[in-house]
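Below is one structure; the comments refer to it alone.
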Amino acid sequence: MKFTKNQFIWLVVLFFSCFLIYTYWETVVSICNKIFVASQPFLFGAGIAFVVNILMSFYEKILIKFIPFGFITKIKRPVSLLLAFATIGLIFTWVVFTVLPDLIDSINTLISQDRSAINNLINWLLKNKSLQKIIQDLGGVTQVRELINSYSAQLLQQIMNGLTNFLTSLTSLPSTLINLFISIVFSCYVLVGKEKLGSQVNRLVDVYLGRYGKTFHYVVAILNNRFHNFFVYQSIEACILGTLCYIGMRIFNFPYAATISILIGFSAMIPVLGAYIGVTIGTILIMTHSVILALLFVAYVVILQQFEGNLIYPYVVGGSTGLPVVWVILAITIGSALGGILGMLVSVPVAATLYQIVKDNVVTREKAKAVASLENSD
């Protein structure tokens, strides 16, 4: 195989670059970290722009449809942008002022009534004969009490550590607010001129990527479609589930109805496994009041999820991501290990994009193979 002059130059540059990276690895990592930290406000701003764009586009359609005046076409973008940010701000404020007081109250209850709650739980378990045998197999009441005490102490310690970390992060509040302000301003600039920005990016891709430009546009189109569908339909499904949960909890007089419903709604943004996270937190909160109520709450949510999953979810969400359940669970598991909650949210649309690309490639190859076999048979 003969190399052209340009190919040889690129090979030399590649080899020399790899040698420099290997030799000065720590310096390269340090520089990359600094670049990443410096670009975080802009990356976060791009994420804000993507989410806000969904609401902004919705408001633009409403303005054009219901306000049939010529001047509205000139101001629809800034008005829609303002309405989108106002909507998100109101939702965030409502969630914080609803959830935070109940969380503080439940933590205080856990701290003050930890031992009595554990004793009540064990006494309730001992009333069941089949559970008595299990407790004896685990080493008796004393051993079980020590086990529960140990795990509850670890849980309380993790909660206190989380609160401590949150309070510590408040010391860097000025820099956080500055970064947030930069992110919001950047997202506004992106959204106001998104058509022009998109046109410029397309021109750059077509000029510099050449024949690979079509592939780039194809991948970006699928990625945008999967992320858009995921956030829109999962948000609708989360709102429905949270609302149904709240109505049922109010009817059956469960404590922390608003807080737990909001937590279940937000956790439902994570497909398949998300709602169980909210149920777990809700069960722990209700258990500070009554073990029986906590078990009834679990039974209620299981029934609610069966109803919602079989009758509502298929019509609202359906196959919005186009990803089978097995791959959803795998994507969430890998995403949580790599990036926590944010990783779980992003992993599903990313996996759906990869799945669609591979699926399209397989179909294309199968068609090419079928055509080739027909030509050979002729």
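Each residue, glycine too, has its Cβ placed from N, Cα and C.
Curation does not apply to TrEMBL; its annotations are automatic.
What TrEMBL records for this protein:
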TRANSMEM  7-25  transmembrane segment
TRANSMEM  37-59  transmembrane segment
TRANSMEM  79-100  transmembrane segment
TRANSMEM  173-192  transmembrane segment
TRANSMEM  230-249  transmembrane segment
TRANSMEM  255-277  transmembrane segment
TRANSMEM  284-305  transmembrane segment
TRANSMEM  325-358  transmembrane segment
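Segment contact is absent for the transmembrane segment (230-249) and the transmembrane segment (79-100), given fewer than three CB pairs below 8 angstroms at sequence separation of 6 or more. No contact links the transmembrane segment (325-358) to the transmembrane segment (37-59), because fewer than 3 Cβ pairs that are 6 or more residues apart lie under 8 A. Of the candidate ranges 37-59, 173-192, 255-277, 284-305, 37-59 has the most C-beta pairs within less than 8 angstroms of the transmembrane segment (79-100).
Away from its own ends, the transmembrane segment (173-192) comes close to residues 40-42, 44-46, 48-49, 52-53, 56, 77-78, 81, 85 of its chain (Cβ-Cβ under 8 Å, at least six residues beyond either end).
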